[in-house]
Structure formats: structure tokens, C-alpha cells
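Trainee: Encoded as C-alpha cells, here's the structure I'll be asking about.
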Amino acid sequence: MTTSEKTVCVAAPAKVNLTLHLTARRDDGYHILESLVVFAGILDRITLEPADTFSLVIEGPQAHNLDALNPVDNIALRAARRMAALAGRKDGVRVVLEKNIPVSAGIGGGSADAAAVLHGLIRLWSFYPTKAALHELALGLGADVPVCLQGRSTIMEGIGDILHEAPPLPGFWLVLANPGVEVSTPLVFRAHAGDFLPPIRLTDTPRSAEDMAVQLRKGRNDLTAAAISLEPVIGECLALLTALPSCLLARMSGSGATCWALFSTEYEARTAAKALRTAKPAWWVAAAPALHTVDPFGLADSPVSFTGI
Ligand code: C5P
């Protein structure tokens, strides 16, 4: 078998926090949270090739935002090294990362990349760690990596380490908008000054996107005020998304700055995304379907238009 025949290609879809409730702060500074997480059809792609050493090539429309960072520190490469250590392997892997998801944007780009590398190496190396060992490795890479590894609509608790399957959710579309500012997750968590409030869970299984929006409206993203205090343009982003025709609800994802707007149909979402792009040509705007179950290998062959960019 040649090297190219052994290449593995994996999709890394963006994660979106539909709610993000902070309920306490631990002594080590991490926060206990409750969050309804879904995935969206906007993907990074990871290609893995057998190699003697570890290396990373970053390409794609968002690659320039990672250029300044040390590639050795990239979470995708860290995931590969730790997986090799767990597998007791002496060789490395060449990682090619097609970066479509904005960096430091609250939609889990780095976490999704790390999870995709773990999925890919399981296949490339035919190495099957125990579920517990894989979970621990993922959590050690970052609090959002376990949910990205899980790859389905999830209620996330603890610091991100306790995962429950979400109730059945309807199909819907999202417009994701990033106003072009990178925000530091630790700084946003640190700026959270509010009291801790109880989480608001979906009480009934939503039958439609409209029904889901009604229920989600009762929920919160508790990092919103903190993120806006650091980057006021996030407030403008939320206001513009909310005002888009057919938008059912708009909120921030994760620690920002990306915000989402919820739509019933692809047509409504694509029309709204076009209008927002016209109004804010410098912003990153994507229309994407919610993915309730992610097939990281099947999705890797999706047409580029599926990414919605
Ligand atoms: O785990 P990860 O490296 O992704 O977390 C980045 C930062 O986000 C942490 O250093 C911490 O400041 C904050 N965080 C938190 N509580 C969480 C997850 C992240 O305070 N549950």
C-alpha cells in the first residue's frame, strides 16, 4: 500500500452553544457549566498521512489567522502527539489542516480539529484506546474536545466533561457571523462578573425550529455581557442578526465572538446571510445546517458548498 492510499480525511464541524449557563466557579478557575451543543455544516478538514515525524501544514481561507502562532503548539498537532504516546508509537504523522472556521471564535474550531485528529488516527493506526482513555486524552486537550469527539447534539455539564445525549431536536439552519475580532476564552471567563444562575433546560422535545426558538429564548449565554464588555462589536453583531428577516432567535456561541441566528429553512438562512454579508462585507458570515449527528469520515467528502461559505 502506498502512502497516499493510507491517507485519512476527516471533517471537523463547528460546534455551536445554543445555551451556555455558568453555575459555579471551581477553585482552579474553571467554571461548572450547562450547555446545549449542536454542530453546524461548516467544516475544517484534516488529512492525515503516515510519516516518520510530526508536521503540520495549514491551508484554507482562515489559515492566515493561525500563521502567527507556533505550529508546534497547534492543538491538532498536540492531539496527534498525545495519541501516539498513548499508542506507544515511535513514528509521527503529517497533518494537513484546511482551516475554514474562524480562529478563537467560540465555535470550537481548534477543539473540532483535535477531535478529528483523534478520530483519524484511530483509523490510520487501527489503534482502539478504551473509551475512558480517549475521553481523558480529549479532556486534557481542552474542555470542548470531548463534546467535539462525541459529535452529536449534546447537553454538556461539569467543565465540559459530562455529556448527555440531547433530546431529539428538529432540523434547522443557522447563520453564523463573526465580526472579525478574536477573543481570548480565559479573558472572557475571567470578565464574567454576574451571579451564577440556575440552568434553563429544554422542557419539552421541540417539534419545530419555531418551537425550539421559543424554548431557547428562556435560556442564556452567560458569557455574553463579559464578551461584549471586551469587544462591543459583538453587541452590534447580535443586534444585526436579530433584525434579519425570518430570524427566530440570535445568541452568542461559547465565549464569542461568533454569534448565531436560527432559521427554519435553508432558503431563509441563505437569504439572511447574503443580506448580512452585503451590510458587513468585512465580517465572516456562513449559512449552515444544524448537524445532529456527525459522521466525521462521511462528511469529509461533502462538497465545499456544504460548508456554506
Ligand atoms: O479547556 P480549555 O483550554 O479549552 O479552556 C480555556 C479556558 O477557558 C480555561 O483556561 C478557563 O479559563 C476557561 N474555561 C472555564 N471553564 C470551563 C471551560 C473553560 O473557566 N468549563
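For all residues, glycine too, the Cβ spot is worked out from N, Cα and C.
What TrEMBL shows for this protein is this:
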- LYS15: active site (ACT_SITE)
- ASP144: active site (ACT_SITE)
- PRO102, VAL103, SER104, ALA105, GLY106, ILE107, GLY108, GLY109, GLY110, SER111, ALA112: ATP binding site (BINDING)
- 74-151: domain 'GHMP kinase N-terminal' (DOMAIN)
- 220-278: domain 'GHMP kinase C-terminal' (DOMAIN)
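How about a rundown of where these features are and what they're close to?
Mentor: LYS15 (active site) has a Cβ environment of 28 other Cβ atoms inside 10 Å.
When other Cβ atoms within 10 Å of the Cβ of ASP144 (active site) are tallied across all protein chains shown, the result is 28.
Look at GLY110 (ATP binding site): DSSP puts it in a helix.
Secondary structure of the domain 'GHMP kinase C-terminal' (220-278) per DSSP (helix as H, G, I; strand as E, B; remaining residues coil): 30 helix, 10 strand, 19 coil.
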Trainee: Can you give me the average pLDDT across the domain 'GHMP kinase N-terminal' (74-151), rounded to a whole number?
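Mentor: Its mean pLDDT is 96.
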